[in-house]
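Contents: one structure, followed by commentary.
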């Protein structure tokens, strides 16, 4: 049986790992390559690197980091952040990234999803969506959650699926950084309305939250950062507990 | 040991090259027929869309060369599918090494299958030291139907061939280069064949 995936997310700025608490404050959590290797060794199923660097020079550093990760890490990884063209994706895949994730650039130009899936295959195109529930409506936000739009989360998710996205990474801004659990209602609806894998993101605080997002949220994978980076939830213990709760995981 | 990874423009070959580097082998990327023929072992990779990958093989003449190879050849993911008779993806005719067809998963499961699933009923030296129900990383929307060349099985909605073998030709649907230590063991087994 296909297992549920546990995915640590490493925010990268200037070649270092950082994690935004509520997208604003940044804390240093170590060297990305070392961290990635450790995660692979302790049973992470995949990794996501999110490049939040602002400058082109810093992006060149990221390519170098991707190459070093690919060299040393034996599990799949996705790279996201600031990707807006076939050229950007080609460079990342050439350095050994398995998948890329696109976010604001897909909202600005939805054809990008078609172009990337036609050229590289759906399997490497993850569309990341940041959304916030406002008065019962889930609205897509751009630029790391700072710019609201009128776009409905579910409509947008269905559109990118049609355009060739291979996977959706949904971050609930209401839950991100709160450690109060994932947005399971919205996640379950995404899983029911779409036929591609859904990664839950935002809100992980304890083991029960992961159990809930796989059972109630019907998520295919769950992503978290600080609870893993600061050792609050050791991945091997988490996976054992998931297994004890009859959730299929790779042990 | 001279290992060549066939470089015909399809997919993430860097990962495969790095996986062998971790095993201490420098794999050469090449689309040169002489270099491929001179290799001890050959990897036939592939990620992306079947008909365009096959077109790239035809443009370079590799579609004629590959079936004639006598050394151990390992097709990975789309590489394995292209070694079959045909695939529903882009209605593509394959190289016809494995006597089976490749079909699309039906929509009662999420497509693509993405993540870790188990391989079982293992029947080949390629899997020496690998236990039944070992986890492998898979990403695919199309699957190979069983035939008498099936050497590993996986369940995803249906039960399908996650690995095939015909004489010196081996094919795996999963990505051993991305499947942690068990995947590395399979690559080592291929080197040891």
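Just so you know, glycine gets a Cβ as well, placed from its N, Cα and C.
Under the three-state DSSP scheme, residue B:77 (active site, nucleophile) falls in the coil class. Look at TrEMBL and you will find B:77 tagged as active site, nucleophile.
Residues near residue B:175 (active site) in space but far in sequence (CB under 8 A, at least 6 apart, same chain), listed by position: B:15, B:76, B:77, B:136, B:137, B:138, B:139, B:183. Look at residue B:175 (active site): DSSP puts it in coil. Here TrEMBL flags B:175 (among others) as active site.
All protein chains included, residue B:177 (active site) registers 29 other Cβ atoms within 10 Å of its own Cβ. Summarising the annotation, TrEMBL assigns active site to B:177 (among others).
Summarising the annotation, TrEMBL assigns domain 'Glutamine amidotransferase' to B:4-191.
Within 10 Å of the C-beta of residue B:77 (active site, nucleophile) we count 27 further C-beta atoms, all protein chains included. On the 0 to 100 pLDDT scale, the domain 'Glutamine amidotransferase' (B:4-191) averages 95 in this prediction.
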